[in-house]
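Copied from TrEMBL, the annotated features are:
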type: DOMAIN; residues: 9-71; note: domain 'Cation-transporting P-type ATPase N-terminal'
type: TRANSMEM; residues: 51-69; note: transmembrane segment
type: TRANSMEM; residues: 75-91; note: transmembrane segment
type: TRANSMEM; residues: 230-247; note: transmembrane segment
type: TRANSMEM; residues: 259-287; note: transmembrane segment
type: TRANSMEM; residues: 666-687; note: transmembrane segment
type: TRANSMEM; residues: 699-718; note: transmembrane segment
type: TRANSMEM; residues: 739-760; note: transmembrane segment
type: TRANSMEM; residues: 772-792; note: transmembrane segment
type: TRANSMEM; residues: 804-824; note: transmembrane segment
type: TRANSMEM; residues: 830-853; note: transmembrane segment
Amino acid sequence: MQDDKRLRPDSRSQGDGLEPDEVRRRLARFGPNEIGQTVSVAPHRVLARQFASPLVLLLLGAAVIAGLLGEIVDMAAILLVVGLNAILGFVQEWRAETAIAALRGMLAPRARVRRAGQEAVVPARDLVPGDVVLVEAGDRVPADLRLILASGLRIDESVLTGESVAVDKSLDPGEEHLFMGTLVVAGRGEAVVEATGARTRLGQIAGMTQAVAGRSTVLSQRLARLARQIGLVAVMVACAVVLLGLWRGESLTVMGITALSLAVAAVPEGLPAVVTVTLALGASAMARRKALVRRLQAVETLGSASVICTDKTGTLTENRMTARIIRTPEALYEVTGSGHDPAGHIARAGRRVRASDDPGLAALLEAAIGCNNARLVRQGDDWQMVGEPTEGALVVLAYKGWVAPDAPGPRELEIPFDSDRKMMSVIVRVATGRRLLTKGAPESVIPRCDRLRHGARVLPMDRDARDDIARQYDDMAAQGLRVLALAERDLPGLTDDPEQNLTFLGLVGLIDPPRPEVPAAISEARGAGIGIVMITGDAPNTARAIARAVGLSAKPVITGAELENMDDSALRVALGGEPVFARTAPEQKMRIVAVLQAMGHVVAMTGDGVNDAPALKAADIGIAMGQRGTDVAREAADLVLLDDNFATIVAAIEEGRRQFANLRKFVLYLFSANLGEVLAIMGNLAIGAPLMLLATQILWMNLVTDGAVALALGAERAEPGQMRQKPRPRDAALIGREGFVILVLFGLYVAAAGMAAFQIGLQQGLEHARGMAFGAIVMVQVLGVFGFRSLAVPCTRLGWLSNPALVVAVLATLAVQAMAFHWAPLSALLHARALGVGDWAILVALALPGLFLPEMAKTLWRERHLGAA
């Protein structure tokens, strides 16, 4: 808290509030009421991220070497690719940042204050310690406050605590503090500002988030490892060739150009751009499914997720309290429907009933809607609730029983809810006089009752009746329901304490119900080998009930206090099941994430509150809520759910898996092509032949011909059974053993075809031989791409034309390659002479086996794998 003696409840800032000069002085001293974490990401930072990839740095190094050797065309081509890659990545990620800014702008934080005796609405950022702030239902608390006046004040603190049930606030010690970012759901109050900006509780958690070191993504780790391997191989091959050439008496200049050609051949220049474009396409596909990707590599990371740590409120549930059960002294009733739509009904013993059919039910529903300050408003086809969620659920319940809002009669007096009584009452006028309607916590209401309503009759409440009601209450609470008791009393006149000698009407059990699509999504996630861990601020019984309702075993249920006393080994044992963590603190969420990561899991963490932000940042992929999430949570996340729906996470994982499978295919394809080029050049040099390919020709193949068809591989559909496979381990190789078999076989054939075409072409001179080798390698690579569409399924089963983008890319690449030989400006740049009909026939003959080699490799691997099994 900010230390200022003038902030005490007897402060001179109260009453008329601060004077303008004092406001300016304090604003200069304490600074604006802002949290640094919520500042927008600058464009130059988003752009700089695009150059952080080791593969991009490797290409920049190759460009520098090409420039030093005087190969300006090669240098320009490589720099052009790097630039286009950066632009593509920037556009996609900046679009996401713009969407986040729009979400932020929707909040437009303002505050109502009293200054110099005048009330005014000011930007929340201009609040200073000592300001007097006025709050009422619907307001977002703009700073950390201490109450000086309160009437029926209830606050939703879920953004800080994760607890979905509103808490009472009053001037009593321990209840007088309001915290920045929380929501006023009922009542009104006046309070003095105690802390602003980074000194608020919200600001302290935001600071904790900033202190968490961001983790590199799984894909970036794999690509970094790949870049190191490529760089090492390129340097080793280039050095070996230079030394061999110098030993044979070649000039340093010639061998330098040769080494550059080999280095260019070893580095897949098109890979960064293809990765970026493919991830951008995946991000667009996720956006269509209501998942906004903030960082492109999060697309693949989500596909690698092996555990989802999920919040409960609003993610697994609808975040709308709904009445589920009614128990009157006469009967048990079940309530259908959910949310604010009153389209459901009330059933007794399987038969629909209305208030007009059942006097006991009618009395309870009239009390529910009469002792209530919420309103149900229809806007087109939607129903909106104005007021506190629990009261709103009672209004919807009354509508389902066909009780009108004015049925209880006009209100004469309200006795507001307070934390001591834990109940609220109103006095309404009825035909016989006045009637008191009461609702509240059963432990507060029931002791004030001496009678009960049994249908149309009112009977004394004896010990047996009290014991029966207590059992019903315990049973409902054990189901995770929030239970309210309702009562009434006819008043012959005004009394000092009307909330005595009440007639008990019954109990209502409410719950924030599961989203209907969540159980199927959890089942699909479980089938994909993904573990689910629920982490919530709610009570253990509520957490257990929701977990079981959505299909989780909830074994074990661990509270924050129990977690505090567990060591990491015991926590690892618990995480081996389907645990539910209740009443957890922010640092405990971070600990759960850290232990899961230490167990080798790739962790996706969901959250919406400020309390979730540190864990969101610590997780491999943080997933924030777009509709009800805080700025701090959204900006700590990699992915934002625009519909706050758990099922969207599973859909995004499916898309992420598809993108990784496609990424793996084109990485394998590009490396097999590069391997073929390197082996062809080295093989030719080893037999004493001239340099087979020029650096410009190699760049053309790596960027234009290979890149176009590799990009089309990114459009492949998901393979059958993709969501029935286990998640990939964090340290799994990008290529894998089966991929290595395909890579080597195809690379060897590319080299053999290139060398054969070179030897045939030598009969007409070196430039023609290079043109033949150039054409043969391109033809083999382009036609062979069909075999890389799946590493397991034969292309005949996939259908040759089932990826139209690939067919178009192949035809377009062949057409462009023909232009490389027959369009004078391009052929001069590439040093490629025009080919005759016979030459083209030879190239086609050499290329056709490339269609089937990957298929043969897949068959060999599959037979060997099945034989070993």
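All residue numbers here begin at 1 and follow the chain in the order shown.
Any Cβ shown, glycine's included, is placed from N, Cα and C.
Panel annotation: around the transmembrane segment (739-760), residues 664, 668, 671-680, 683-684, 689, 692-693, 769-770, 772-773, 775-777, 780-781, 784, 787-788, 791, 842-843, 846-847, 849-850, 853-854, 856-858, 860-861 of the same chain, lying at least six beyond its termini, place a Cβ under 8 Å from a Cβ of the stretch.
Stretch with the largest number of CB pairs closer than 8 A to the transmembrane segment (830-853), among 230-247, 666-687, 699-718, 772-792, 804-824: 772-792. Same-chain residues lying 6 or more positions outside the transmembrane segment (666-687) and placing a CB less than 8 Å from one of its CB atoms are 226, 237, 241, 244-245, 258, 261-262, 265-268, 270-271, 274, 278, 693, 698, 701-702, 706, 709-711, 713-714, 734-735, 739, 742-744, 746-751, 754-755, 758, 773, 777, 780-781, 785, 788, 791.
Counting same-chain residues at least six beyond the ends of the transmembrane segment (699-718), those with a Cβ under 8 angstroms from any Cβ of the stretch are 74, 77-78, 81, 264-265, 267-271, 273-274, 277-278, 281, 654, 657-659, 661-663, 665-666, 669-670, 673-674, 677, 774, 777-778, 781-782, 785, 788-790, 802-803, 805-806, 808-810, 812-813, 816-817, 820, 830. Confidence across the domain 'Cation-transporting P-type ATPase N-terminal' (9-71), taken as the mean pLDDT and rounded to a whole number, stands at 73.
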